[in-house]
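Step one of this worksheet: look at the structure below.
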Ligand code: 13P
């Protein structure tokens, strides 16, 4: 059964580890992430961007697929199905379809409008036991068509949004979606500490988890980050493993063209990436 992200993130905050949000693109992705979470006895959040939602045939199809896999694969660890960087309207569509968690990315609105929309959404979602992630400041780079300038979040604005009853807060601290450029200045830990001071107990979310060095991940967790989003790294791992299979001509040997064989190396590569992240984030055996 899908669960809200609230309990797992509060537990992670108290236990000083983070729960990974891994974005899904199709059945292989979803199955690989769910099985890895189960094998490692880890809670997990499946992230769905609006673009991925369209790609997979809509939110109802995703809810059906995820619930079906949880049942069919005997997944018993806590799983949240979460809209990633959602619009206001998109968040309502996901709630309607049966998601257990939504992100409303109101960071491109003026703070007053972000507050107004977040307030309404939080009230409606909380009434159904659905967790809500809000965003202040913006995550740099591009995530499935959502482009951010990468501003550092203002702690006072973070407090205003946290005080609305938000479940978890994404605050820009120099993190970027996609690969980090060679001249990246790193995460702004001073900003993170100030945000944490302003928002108190609120579990913080670190977007752009791909390519953040291990020491920075650990420091971010020690400063209050309880959810870390990873997307690009699974895509890179899948693509590399698939390329190797094809370049080695394995699709031309026997029935190597069978999709179950052709997609297997990429599937295993996603599993390995997710396991590595769960170990780094400290969520193994925390289900
Ligand atoms: P990456 O693609 O950089 O891992 O970021 C994922 C993310 O933050 C999803 O919201």
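Every residue gets a Cβ built from N, Cα and C, even glycine.
Predicted automatically and left uncurated, TrEMBL annotations should be read as such.
For the Zn(2+) 1 site that TrEMBL gives as 177, 207, the extra residue drawn from 85, 108 is 85. Dihydroxyacetone phosphate is bound by 208, 209, 210, 229, 230, 231, 232 in TrEMBL, and the record lists one more residue there from 172, 174, 178, 266, which is 178.
Closest to residue 105 (Zn(2+) 2 binding site) in space, going by CA atoms and restricting to the binding-site residues 210, 230, 232, is 230. In terms of Cα spacing, the recorded positions 84, 85, 135, 177 that come within 10 Å of residue 210 (dihydroxyacetone phosphate binding site) are 177.
Each of the recorded positions 84, 105, 135 was ranked by the number of other C-beta atoms within 10 Å, and first place falls to 84. Ligand 1 lies under 6 Å from the Cβ of the following binding-site residues, listed in sequence order from 105, 135, 230, 232: 230, 232.
Here the binding-site residues are 85, 177, and the one ringed by the most other CB atoms within 10 angstroms is 85.
Of the listed binding-site residues, namely 178, 208, 209, the sparsest CB environment within 10 A is found at 178.
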